[in-house]
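For reference, the structure is listed below as structure tokens.
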Amino acid sequence: MAKPVVAIVGRPNVGKSTLFNRLAGYRISIVEGEPNVTRDRIYADVNWLDRSFIIVDTGGIDPYDRDQIKNMVKYQAQMAIDEASLILFVVDGRNGLTATDEEVAAFLRKSNKKVILVVNKVDDFKNMEEDCWEFYTLGFDKLIPISAEHGKNTGDLLDEIVNMLPEKGPEDSDDDAIDVAIIGKPNVGKSSLVNYIVGQERVIVSDIPGTTRDAIDTLVEKNGHRYNLIDTAGLRKKSRVKEATEYYSALRTIKAIDRSDGVIMMIDALEGVTEQDKKIAGYAHEAGKAIVLAVNKWDLVEKDTHTMENYKEEIYYNLKFLQYAPVTFISALTGKRVQELLKLIEYVVDQNSRRVKTGLLNEVVQESIQLREPPTRKGKKLKIFYTTQVGIKPPTFVFFVNNPGLVHFAYQRYLENSLRDAFGFVGSPIRLKFKQKT
């Protein structure tokens, strides 16, 4: 089951992005401090009271273009209605109710979606009734005053969000099928890949949308293995506004990634890695999913004996944070290497669930330390006492040390590479945590 989506909606300058950043500060799933992972997201994972959900910021409106503001606020409100389980409608308690607020509210009242009216920029909580009274005329039952900038009352807001989220459902109704998200920018060939696989194999369930808001799932069987292909292609609403289109496409993609076991990240061979590719791949990496990089339209590329290797180097240069992900070169149109791709995604999904025995793990770590001792920092030396694996999907390891502050990023990367050399983890991200031994 995909995580529920909570959309932040409102006119410009009411503090949507500030609220987004405040709520995103509670997330625990993002690995901080890793280089080359694009961070300019419009979405983030949040975990609060044992519930996980995705928050989305519907910002990006030019405040100087009045026509664009009017159209974009409407369009973003409509997208929130389509996509979200819950909507945070943000208004400005300092400046009061405006005609644009009423326009957005009119959209939201017509929907069947749950709405929390968030009155931001409340300075005096003792007299908050005076700051908020006029907003009750908008007709929403739930109203919460906050100061996103200072974090006041945001805990109460998170409590109410969790209270209003839909109940948890089963994680997966097809336990023996591998959920594979096929992601990539528009027109990279996602639908062509699904159509080729479906056309070649026996279709069990084809093109059945989970809901009108979800990606299309196609369940196929190949050589005794079942694959649930999650395709976001063809679902993106057409819009003349580029920013809104990218927002809609990104939200579809992250929902597909979130409920997958593994990800096929498709790259256009004729265009190479783009900035949009980096953003999409970055979320898959941060979400801890097994991943394969599939370079599509390879049949259209002029090749010599070095073309494939040179292309791999270029991909890893642009996606430095995905150097663990295998690269394969396919043609979704002709089917070249598509069967190999299916075997590869199954392999990396298995790698992402791999566990290592504690004794063997510590042998490898100690050998790595002997080969390259940790560098000293400010005259102090890092000591690693022992290591244990604490999780899978992705494989997560805790190193008990004398002082976590002495761990240099370069040495952390060295330890990760040592684990990969010893145990593989092909196509799987690895999480390393360092805790002080008590």
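Placement of Cβ uses the backbone N, Cα and C atoms for every residue, glycine included.
Note that the structure is predicted; figures quoted are calculated from it, not measured.
Look at Swiss-Prot and you will find 4-169 tagged as domain 'EngA-type G 1'.
Under the three-state DSSP scheme, Lys16 (GTP 1 binding site) falls in the helix class. The GTP 1 binding site feature in Swiss-Prot is assigned to 10-17, 57-61, 120-123.
Taken from Swiss-Prot, the feature domain 'EngA-type G 2' covers 178-353.
Long-range C-beta contacts of Gly184 (GTP 2 binding site), restricted to its own chain and to partners at least six residues apart, with a cutoff below 8 Å, comprise Lys190, Met265, Met266, Ile267, Asp268, Asp277, Ile280, Asn296. The GTP 2 binding site feature in Swiss-Prot is assigned to 184-191, 231-235, 296-299.
What Swiss-Prot lists as domain 'KH-like' is 354-438.
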Rounded inter-Cα distance in Å - Val122 (GTP 1 binding site), Trp298 (GTP 2 binding site):
56
Taking 10 A as the limit, how many CB atoms besides its own sit near the CB of Lys16 (GTP 1 binding site)?
25
Using a 10 Å cut-off on Cβ-Cβ distances across all protein chains shown, tell me which of the binding-site residues (Gly10, Val122) has the largest neighbour count.
Gly10
Using Asn187 (GTP 2 binding site) as the reference point, find which of the binding-site residues Gly10, Lys16, Thr58 has the shortest Cα-to-Cα distance to it.
Thr58
Trp298 (GTP 2 binding site) versus Thr58 (GTP 1 binding site) - Cα distance in angstrom:
36
In angstrom units, rounded to an integer, how far apart are the Cα atoms of Trp298 (GTP 2 binding site) and Lys16 (GTP 1 binding site)?
42
Pull the DSSP breakdown for the domain 'KH-like' (354-438) and write it out as helix, strand, coil residue counts.
32 helix, 24 strand, 29 coil
